[in-house]
Amino acid sequence: MKLRIEKAIYGGAGLARATEGPLAGKTIFVPLALPGELVEAQIVDDRRSFANARLETVIEASPARIKAACPYFGACGGCDYQQASYEQQLAMKRDILRESLERAHLSLLPEMQTLSGPAWGYRNRIRLHVQRKPFSLGYKKRASNESLAVGECPIAAPSLVNALQVLNQEGARLGLGEWCDEVELFTSHDESELRLSFWERSGARISAGAFRTMGDALRQHIAPLSGATLFEAAGAKQHSSPLEWGEQALRYRVDRQEYRVSRGSFFQGNRFLVGPLLQTVARGRRGVVAWDLYAGVGLFARALAESFDKVIAVEDAPSSSHDLVHNLQETSARAVKSSTLDFLRRQQSAPDLVVVDPPRTGLGTEVTELLGRLAAAQIVYVSCDPATLSRDLRSLLQSGYQLQSLTMVDLFPQTYHMETVAVLTR
Ligand SMILES: C[S@@+](CC[C@H](N)C(=O)[O-])C[C@H]1O[C@@H](n2cnc3c(N)ncnc32)[C@H](O)[C@@H]1O
């Protein structure tokens, strides 16, 4: 059917409304189509209130449509926007964010700022599936659980692409496909260090000696390789310690600070924008007490410790908490291993500043209520999901906060993902 794309929606698709036939009036989602385009699309999944379609041909192309840079684009599930100029990608993300906030009845929005960087070669971490026969490394195919073998990835840092190519070449000889299900590649700020994390294939085993031999062999071809870890298959019955080769952590420099990031710890994924993101969150903020909730390895807490007398950084996950203690040891900031909710339940008085950077699920009802009641002078909310951000902001604004500034940070060019920094004051 012919469809005119009205707008881009969160998740990567274009939205259209069927104008004729049995589906007339229905909302149709068409991945890879751009706002304003007239397309021929085929319905692949018809639900009660919407349908998903596959783009067949673009009849009238958007002026922003360009040729995708990656040979896997379209088939690979990783990128959604390579067919759009970078300006268009940013505009679509801002529109999606604005609409999400408006849908949550947030009015009087401040003018939206945009923070962006190089649109290619930005990822410091990639994760691939390992296929046994024929041996290959790949990402998930678009809208599928199957693996798509890849030999390059233009959104990844060059050292990761090089390591991916080495693994593709050497993996079969090293028997990687026999025991490994997934592999993650993570490189430091200047690509001088690179770590590999492997996940065992269910039921497969490899000895500690064989794992170390493999580390030594890969080191011959991947110059920055500093360490590797082998984790048990997810859901495995026996829980032994992971096997290790080399260093267990990377040293990641952001501005003047160096952070230890161990295997399994969270770290921001865009190597060009970690510093600018940190500045958007922390620069110019000062006072006596600040809390960094969902602190990870301490990216924000460490910077805040330079301009606040007392900083408390709260993190729940074991590996990140461990790094957090390490990364804050020469600062006045204190690490607390706790869930944000439990931490907030124990507090009686408000700090000057609260930074929150929750996972996709957002803060949720109880955390927003507690924050609303504590009434800190300023909250900086860093979000990776416009829908949960909008829901939480609505609740915080109802408790007396005002939205002072809003920045769309494009941490994930070529994909539909975006980061937002919202600053709230009372
Ligand atoms: C999006 S990351 C942000 C980390 C850090 N702010 C940074 O920029 O590197 C979210 C972090 O929150 C942690 N986390 C998730 N749920 C949590 C909870 N309920 N309480 C405390 N920390 C949590 C995760 O382990 C992760 O480190």
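Note that Cβ sites are derived from N, Cα and C of the backbone, with glycine treated the same way.
Its own atom aside, the Cβ of Cys384 (active site) has 19 Cβ atoms within 10 angstroms in the protein chains shown. The active site feature in TrEMBL is assigned to Cys384.
Positions annotated as active site, nucleophile by TrEMBL: Cys384.
What TrEMBL records for Gln268, Tyr294, Glu315, Asp357 is S-adenosyl-L-methionine binding site. There are 22 other Cβ atoms within 10 Å of the Cβ belonging to Asp357 (S-adenosyl-L-methionine binding site).
TrEMBL lists 1-57 with the feature domain 'TRAM'.
Other Cβ atoms within 10 Å of the Cβ of Glu315 (S-adenosyl-L-methionine binding site), summed over all protein chains shown, number 29.
Long-range Cβ contacts of Gln268 (S-adenosyl-L-methionine binding site) within its own chain (separation 6+, distance under 8 Å): Val274, Leu277, Leu299, Leu411. The 10 Å shell around the Cβ of Tyr294 (S-adenosyl-L-methionine binding site) contains 22 further Cβ atoms across the protein chains shown. Per-residue confidence over the domain 'TRAM' (1-57) averages 97 (mean pLDDT, predicted model). A coil conformation is recorded for Gln268 (S-adenosyl-L-methionine binding site) in the three-state DSSP classification, outside any helix or strand.
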